[in-house]
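Colleague: Input: one structure, supplied below.
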Amino acid sequence: MTTTETTATEVATAAASGASATDRFHTDKSPFEAVKNTPTERVDLLAREVLSAVHDTIRRHRVTYDEYNALKAWLINVGADGEWPLFLDVWVEHVVEDVATDHRQGNKGTIEGPYYVPGSPECGAHGTIPMRDHEDGTRLVWEGRITSTDGTALPGTVELWHADADGLYSQFAPNLPEWNLRGTFTTDPDGAFEITTVRPAPYQIPTDGSCGKLIAAAGWHAWRPAHLHVKVSAPGHEQLTAQLYFPGDPHNDDDIADAVKPELVLDPQSMPDGSQKIVYDFVLDPEKG
Ligand code: DHB
Ligand code: FE
């Protein structure tokens with residue numbers, strides 16, 4: 001099944017969204033191509049250190065054969081459920097992102113997560129994201145501008161994608177229009193944009209698959225705070241992947257994916273018509289070399 005061939009009888013199961021996230025990853029990325037010239041010494045070093053961390057944990061905590069077999073079965077199931085993108089993006093990606101962007105002078109970013117889809121509909125510089133006629137959720141009107149680290153205006157694009165008021169992502173949960181709450185905004189020549197969308201709900205990572213089993217067995221919770229995902233691009237500048245959060249969300253301090261940073265929390269203002277206005281700008285770093 002492809003990501004868009006969902007039927008009216010399907011419900012949002014972990015297996016369905018996991019399989020979609022796995023399909024998506026294989027469609028968009030050729031992950032081995034980018035590392036094909038990695039020296040054997042680096043592979044040897046990384047593989048040995050990861051395995052040795054596992055060995056140390058086993059020795060320190062005297063892991064039993066029953067626990068080893070449960071781990072083996074669980075790892076097999078993560079793959080069968082298609083949940084490797086979910087697992088890695090929730091529990092590993094945030095550290096990769098920190099390392100990849102710690103040289104930046106401009107905006108802080110955060111993880112991409114498993115639900116980005118390239119090529120969302122073009123919405124102009126002042127536009128409304130694709131949504132259903134009676135899309136639930138408080139209307140958000142977001143004004144912003146893209147500049148370079150030296151203050152120069154940067155015409156560019158803001159790709160925005162987020163969950164709906166039920167915490168569901170189009171193309172990964174059934175019965176949603178293909179591009180619901182996914183849009184590409186191309187700024188004015190002075191880098192300015194104004195986006196109308198709705199406020200997303202907090203998001204619970206699927207609990208009915210293997211990641212959910214780990215969460216339950218470890219006594220964790222499955223919540224991410226409500227968030228807007230963005231990719232911000234401008235010629236000659238490093239692309240910024242970020243998420244924006246809302247003040248007061250109970251999960252801003254204990255996000256399962258550890259992806260919240262104080263710089264990424266918005267300051268929405270309530271307007272007389274019931275909508276909320278946000279102002280949030282982006283500063284991008286020039287590409288090096
Ligand atoms: C996951 C989902 C998200 O929406 C996100 O931003 C990060 C991770 C997940 O289910 O893995
Ligand atoms: Fe998300």
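Glycine residues also receive a Cβ, built from the backbone N, Cα and C atoms like all the rest.
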Colleague: Select from 1-31, 187-217, 249-279 the stretch of residues annotated by TrEMBL as region 'Disordered'.
Modeller: 1-31
Colleague: If you average pLDDT over the domain 'Catechol dioxygenase N-terminal' (41-107), what do you get?
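Modeller: Mean model confidence (pLDDT) across the domain 'Catechol dioxygenase N-terminal' (41-107) is 97.
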